[in-house]
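Taken verbatim from TrEMBL:
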- 45, 102, 103, 104, 144, 161, 162, 239, 240: substrate binding site (BINDING)
- 115, 140, 141, 213, 239, 272: Fe cation binding site (BINDING)
């Protein structure tokens, strides 16, 4: 059997990624084979599919879109940017996620540590020399500890789900966009234009994103002075920014560094999204490798 896959190393300025015919056995042995269905047997990111989680996911986004205002995000960044809740290692944080399930995700109901390792191991198989990317796969969702009581027990709508800029118009490509009409910023002339409080080409680093685990983990990695490259921090902060990397919205706010980093985010996204399967990972077998990466790129203890 022959199938077509994207070749993620093939980047060009505005050019489409090349396709290559690959034998299925070769993919299974040495590459990441994209599954056709998610953990529930549905296509990925199908928010209209009749599944046991559809109603809950839509209600999540209704509450999220009503409450994620510019002022709310600013308060959350000021509060959680203090990083004064606890000191712990990366692996300790991974273990804390055993009891976390993301209610916004229509594709996954496994504990988060399973998804972290599925993502990291899939990347490791295809990109054996990009160890920073392996570690990024492991830690990208660690900010979901915000759901735990020791981190304030924030509601799901303030921790998970697709992210998007606040302080400018909500793009129609954002999932369940209709619920933004109940958000106060939707009717505020300071915030409801294409650029809002920003300027064209200002750079995404100067744009406030809806608050959640992405922005929080970005702050943790940055302020604790991890030695991860710029592309890794970009992936951590924007991996849920689907309206950008799937629909090409908000590109008018990007600068040249964002354009370069987006290439790596689009590579990463394939593994983040499509590794949400029932494939199990032997945690104890892979743990020594990831501990060695943590030691290389991160302090022994981080402020959270």
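Positions of Cβ are set from backbone N, Cα and C atoms, glycine also.
Remember, it's a predicted structure, so these values are computed and weren't measured experimentally.
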Between residue 162 (substrate binding site) and residue 141 (Fe cation binding site): CA-CA distance (Å):
13
Let's check the environment of residue 240 (substrate binding site): how many other CB atoms sit within 10 Å of its CB?
24
Restricting to the same chain and to sequence separations of six or more, state which residues have a Cβ under 8 Å from that of residue 140 (Fe cation binding site).
116, 119, 214, 217, 235, 236, 239, 268, 272
Over all shown protein chains, what is the count of other CB atoms within 10 A of the CB belonging to residue 162 (substrate binding site)?
22
Do me a favour and check the Cα-Cα span between residue 162 (substrate binding site) and residue 115 (Fe cation binding site); whole Å is fine.
17
Applying a 10 Å Cβ distance cut-off over all chains shown, what neighbour count does residue 144 (substrate binding site) have?
27
